[in-house]
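Features reported for this protein in TrEMBL:
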ACT_SITE  CYS272  active site, nucleophile
BINDING   8-13, ASP33, ARG38, 86-90, 127-128, GLU161, 272-275, ARG342  NAD(+) binding site
DOMAIN    328-452  domain 'UDP-glucose/GDP-mannose dehydrogenase C-terminal'
Amino acid sequence: MVKICCIGAGYVGGPTMAVIALKCPSIEVAVVDISKSRIAAWNSDQLPIYEPGLDGVVKQCRGRNLFFSTDVEKHVFEADIVFVSVNTPTKTQGLGAGKAADLTYWESAARMIADVSKSDKIVVEKSTVPVKTAEAIEKILTHNSKGIKFQILSNPEFLAEGTAIQDLFNPDRVLIGGRETPEGQKAIQALKDVYSQWVPEERILTTNLWSAELSKLAANAFLAQRISSVNAMSALCEATGANVQQVSYSVGTDSRIGPKFLNASVGFGGSCFQKDILNLVYICECNGLPEVAEYWKQVIKINDYQKSRFVNRVVSSMFNTVSSKKIAILGFAFKKDTGDTRETPAIDVCQGLLGDKANLSIYDPQVTEDQIQRDLSMNKFDWDHPIHLQPTSPTTVKKVSVVWDAYEATKDAHGLCILTEWDEFKTLDYQRIFDNMQKPAFVFDGRNIVDADKLREIGFIVYSIGKPLDPWLKDMPAVA
């Protein structure tokens, strides 16, 4: 029986291994992590992450051929294939601070694999890692190998949160990169045999190690670039009276461009886009390509600009001050159908409003109060370290209350900001919300999900990203 072990029970490791266990009943899969609370959650009815469909998959396989354990060394020792899916945060100090990936957790995982292994193993990079990581890991393993042979493969994940289980069941492609040696090719085949139990052969792509590592960074950079491109157009649309939804629809009908990732918004978030682009920038700089690095930096600059532009619009519309005014924040996750708040634009928007002394009342159907307080009080990049190394009791941010209902959040508020495109926000009773708000009542739609004309009929002053401005907003220009 083939045994697979995955180090790291997070957003990537947990769902990926659960689907492998479901699709390959003859393979024994163990997911290991040093965090006792995380493993306890995977073994409970309340899984540590929310992902549609994940619950059912885990419950079908858990205890049969899917196991969650803190006994890392035992399972690594027994495994034929070891997936490494640990945190690779952006460095906050030292060489490459603010851009380079911190491979501390990766390196300690590699040393531990070398330490406990008594048989040949295939080690698979599953975390998003900078190009040439495999080479570094290979060196650590071979210098500590005691005669045991390790083959390194890169198998980047291309999951979108909210649809991760669907993406795993029916992937666009599975990418496996390995050495172009007979041993390397044999290792690629072994991993291919796992995926081919449910993924059509033509969708399993094989490349060399560096191409696989770079493909992941490139895919995320291209997607983020599309969002920044349409967000840049949204600013121009507001300035000229054009409607960004009409522009992006028209652009998206061009078959060479296509309609995906062309929704203007308050900005992109998530654990990968910014991190991967910073990584790409650093790799370009290290390889003497400053012009290329500069090009990709602009994608992040536009994203930051879009968030600060949104905050400036809120403040300038409300007589240039939000001091002591209640502002309702609807949505905190970085997108709908996930509880994930990593790099969510809501953090920067909330911090911008708090900087102007606003009182915030926040509602998100999937994000806990503890998580919101943690996000608003943490330093940049702290979120990407293992939970046990994060500040345990976050200092409560004064002027922030977290409520469990949109009507409670908006009661007596001067304005409301929609920061996540949850479906339930489209069907709220906005007449009831208007009646309970201070007047003039403002709606700042950071996701273009509400019917602005209907809200104006009710009496709201509405700002929608990239759409012609209300007369009110024209009289109160946002100053950058």
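The backbone N, Cα and C atoms fix where each Cβ goes, and this holds for glycine too.
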Overall pLDDT of the domain 'UDP-glucose/GDP-mannose dehydrogenase C-terminal' (328-452), taken as the mean:
90
Expressed to the nearest Å, what is the distance separating ASP33 (NAD(+) binding site) and the residue listed as 'active site, nucleophile' at their Cα atoms?
21
For CYS272 (active site, nucleophile), what is the tally of other C-beta atoms lying within 10 angstroms of its C-beta?
26
Nonlocal neighbours by CB distance (under 8 Å) for TYR11 (NAD(+) binding site), same chain, sequence gap 6 or more:
ILE49, GLU51, LEU159, GLU161, ALA164, SER271, ASP340
Under 8 Å Cβ to Cβ from GLY8 (NAD(+) binding site), same chain, six or more residues apart: give me those in sequence order, or none if nothing qualifies.
VAL31, ASP33, PHE83, VAL84, SER85, VAL86, ASN87, LYS126, SER127
From the Cα of THR90 (NAD(+) binding site) across to the Cα of CYS272 (active site, nucleophile), what is the distance in angstrom?
11
